[in-house]
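S.K.: Okay, handing you the structure first.
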Amino acid sequence: MSGSTSGTVHHSGVLEEWAGGQTWWNSRLSVFVFTTLVILAPLASFKHVDALRLSSAISVALAVLFVVVMVMVTIAKLAIGNVAMPRLFPNIENGWSLLEVFEVIPIVVTAYICHQSVHPIINELTMPSQAFGVVRTSLAVCTAIYVAMSVFGFILFGDNTMTDVLSNFDTNLGVPYSTVLCDIVRVGYALHLVLVFPILHFTLRLNLDGLLFPASRPISMDNRRFTLITAGIMSLIFFGAYMIPSIDVAFQFTGATAGMCIGFIFPSIVCLRDIHEISTKREKVVSWIMVVLAIAVGIVAITSDILDIFVNKSSTTPSGHVDGFIH
C-alpha cells in the first residue's frame, strides 16, 4: 500500500500513486499505525472466534477476487500472444542455487499450517460432528486458491516474478483497464491479509494464555488478562512488522522455525509421547522421520536465508518465484 524498495528498485504503492508521490500520510509508519488502530485492534478485541466469521469470509472472497483477476489477465494476454513460455524448473547452477530451493519448503509449509486454529473453531460449532467437513472444505478451498494463484501468476509474469508478487502489479499489464485491475488486486489482497490476521491472533492469544496461566479461569472471563495479553501481542507484532522491511525475510525465517515446529515437530512429539498409549509402531516411526526431516530442512533453509542476507543476493531467484505466490 505504501510502496517498497528492493535494492535500488522502488515499487510504488497504491496510496503513493494516488497521492502522486510519497507524503507523510502514505508513509510506511502511518499506514502501519492506521491499520493497527483502526482495523486490527477492533478485530482482535473479540473474545469468541464466531465473531470473526464475517471478516474471515470476506478475506476468502478477496483472495478469490485476486485469483479471478489474475486468471482474466493471463487469458487475455495468452489470447493476444503476449506471454512468453515460463521456465518450468529452477536453474540449479551450483550448490548455492540448490540451497535456495530449500527456502521454498518452509514457506509452503507455513501456508498450509492451520491445525492450531481448528480446536477453537470446533469448540464453537453448534454441531461438532461438522468439524471434519469444515476442515476438508477449508483445505480444498485454500489449495485451489494457492494452486490457481501460483500457476496463472507464474504464466503471467514468468521469470520476472518477484518475491512479493504484488510488486508485479505496479506496472502496466498490457491489457485494457490495467491501472484499475492493478489497484483492485493490491488493495483487495492487502485487505485479505489484514482480515486473515484476527483468526491467527485469536489462536495465538488463546494458546499463550494457556501457557502462561494454565490454572486460571478462561481468558474470555478475565477482562484484565485479556486486555494485557492482547495489547502485548499487538505491540510485539507491530514493532516486528515495522522493523522487518521485507515480507520475504519474515516468511522464510518464520517458516523455517515456527512453521516446521508447529507443522511437523510438535505433532510428531505428541505422537511419540503417547500418554494414552494409542499410537501404533508405524505411527511412531513416521513421527521420527517427520522430526528428522523437519529439523534438517529447517537448518538448511535458515542457513540459506542467513547466507542470502549477508551476500545480498537478488530476491528474484528460483525460490523467489514460488515464494511470492505463497505470500
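Even glycines carry a Cβ here, placed using N, Cα and C.
Bear in mind that TrEMBL entries carry predicted annotations, made automatically and left uncurated.
Residues or ranges marked as domain 'Amino acid transporter transmembrane' by TrEMBL: 25-302. As annotated by TrEMBL, transmembrane segment applies to 29-46, 58-80, 95-114, 134-157, 177-204, 225-244, 250-273, 285-307.
Relative to the rest of the structure, where do these features sit?
M.R.: Remote same-chain residues near the transmembrane segment (29-46) are listed as 1-2, 15, 52, 55, 194-195, 197-198, 201-202, 205, 230, 233-234, 238, 241-242 (criterion: CB distance under 8 Å, separation of at least six residues from the stretch ends).
For the transmembrane segment (250-273), the list of distant contacts is 103, 105-110, 112-113, 115-116, 240-241, 244, 279, 283-284, 287-288, 290-291, 293-295, 297-298, 301-302, 305, 323, 326-327: same-chain residues at least six beyond its ends, Cβ to Cβ under 8 Å.
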S.K.: Which residues, given as numbers and ranges, are at least 6 beyond the ends of the transmembrane segment (225-244) yet have a Cβ under 8 Å from it?
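M.R.: Same-chain contacts beyond the flanks: 28-29, 32, 36, 40-41, 44-45, 47, 201, 204-205, 208-209, 212-213, 216, 219, 250.
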